[in-house]
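Input: a single structure, listed below in structure tokens.
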């Protein structure tokens with residue numbers, strides 16, 4: 001059948017090893033503390049720190065308040081991650097928000113999350129990262145002026161197609177690309193931080209004089225500034241997607257978060273200070289690619305190194321986003337919430353090619369129809385809506401089921417702060433600047449009802465969908481990665 005019905009016993013073996021074809025296996029617990037820190041930091045440091053600073057400054061109106069936003073975003077990401085750490089020690093399954101919403105609130109809200117995540121949220125994240133890659137990759141070809149949008153969008157589309165080929169061909173190739181490019185992004189950030197410290201030592205502090213002058217105080221404007229800043233921190237919850245693969249998750253999960261997120265926050269603040277030491281606020285606002293402008297001013301003839309490093313960094317980040325994109329698809333299909341085809345793997349390459357192809361197609365549509373800043377705002381609204389739901393689930397467990405075994409407990413005030421922030425981030429832009437796009441997003445989320453009741457609740461499987469699945473299996477040369485529990 002197109003939607004796979006699962007037995008309760010299947011949740012005891014919640015994942016598969018693609019390398020074993022159809023055999024069902026537990027994933028090996030191979031991710032230790034260092035790997036966990038690397039996974040979080042490597043995913044978080046992507047395109048945001050090279051693209052978002054000008055937009056945070058634009059919405060806040062001055063350097064000092066924009067730096068406060070960056071620090072507050074880091075604190076909020078830390079609080080959110082610590083809350084997720086407790087959830088991860090109560091519900092020790094991979095799948096992040098999807099599995100938490102499913103186990104706490106039930107099938108219907110979990111389906112709405114999977115439906116929205118697979119079709120919109122993950123493709124939007126990938127589209128935004130690829131657009132920032134394109135901005136930096138072609139910036140050197142248009143010195144002194146903004147790059148044309150057509151060239152940016154074509155390059156971003158080419159990036160997605162290359163990533164699709166890499167990830168569909170070989171899992172090891174995809175992970176190798178991720179590791180190499182993580183080194184590039186750290187090198188780029190360290191060069192910018194050191195350059196900024198040298199400029200400050202030379203007395204380049206004019207951008208910080210009267211730092212709070214002209215601060216924007218609108219509720220919605222601050223909310224949108226948070227969206228742009230939090231985009232750079234996105235990935236703080238990635239370790240919860242691989243809980244089953246962690247060595248001693250009850251210890252590794254909170255420790256990795258406590259190391260990685262403060263490290264990234266400090267790096268981001270130092271990079272922003274470096275940008276403001278090299279440029280005036282007006283120069284930063286008029287820059288299409290902030291790090292390239294910084295390179296032109298500080299490194300002179302070596303500025304191309306920054307463009308290259310940032311392009312490599314954003315490409316590596318988009319590869320990581322793409323690589324993990326099939327996980328929710330697979331787990332949702334395992335629980336009977338998505339079509340079977342999305343949980344299948346290529347019979348020879350042993351990669352989840354249908355899920356990757358679907359994510360690729362949706363990302364291409366978003367690249368054609370949107371810009372970086374609009375996609376980020378749209379992504380952040382959706383993400384924080386579901387983060388808020390997940391955190392409210394943790395509060396429910398803390399209040400109603402305190403007897404559940406948990407090896408790590410976060411003080412209840414922390415998830416309350418995160419929930420309040422999530423409500424603010426979802427509601428403030430709607431109140432301050434109502435936009436038709438937000439209404440369309442909400443309507444899209446609830447359009448999942450049309451599919452949930454016939455296909456999931458009442459298990460109605462039209463014959464034509466079964467035929468489509470069969471034809472797609474033959475065309476894509478894919479097969480189910482697990483056997484049914486019985």
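Cβ coordinates are placed from backbone N, Cα and C, and glycine is handled just like the others.
Looking at the stretches 9-30, 97-118, the one that TrEMBL records under the feature transmembrane segment is 97-118. Which of 437-455, 456-474 counts as transmembrane segment depends on TrEMBL, and there it is 437-455.
TrEMBL lists transmembrane segment for one of the ranges 233-255, 256-278, namely 256-278. Of the candidate ranges 64-85, 130-151, TrEMBL annotates residues 64-85 with the feature transmembrane segment.
Contact between the transmembrane segment (378-397) and the transmembrane segment (154-174) does not hold: fewer than three of their C-beta pairs are under 8 Å, each pair 6 or more apart in sequence. The stretches the transmembrane segment (256-278) and the transmembrane segment (97-118) do not meet in space: the count of Cβ pairs below 8 angstroms, excluding pairs fewer than 6 apart in sequence, stays at fewer than three. Between the transmembrane segment (64-85) and the stretches 97-118, 180-201, 409-431, 437-455, the greatest number of Cβ pairs separated by less than 8 Å involves 409-431.
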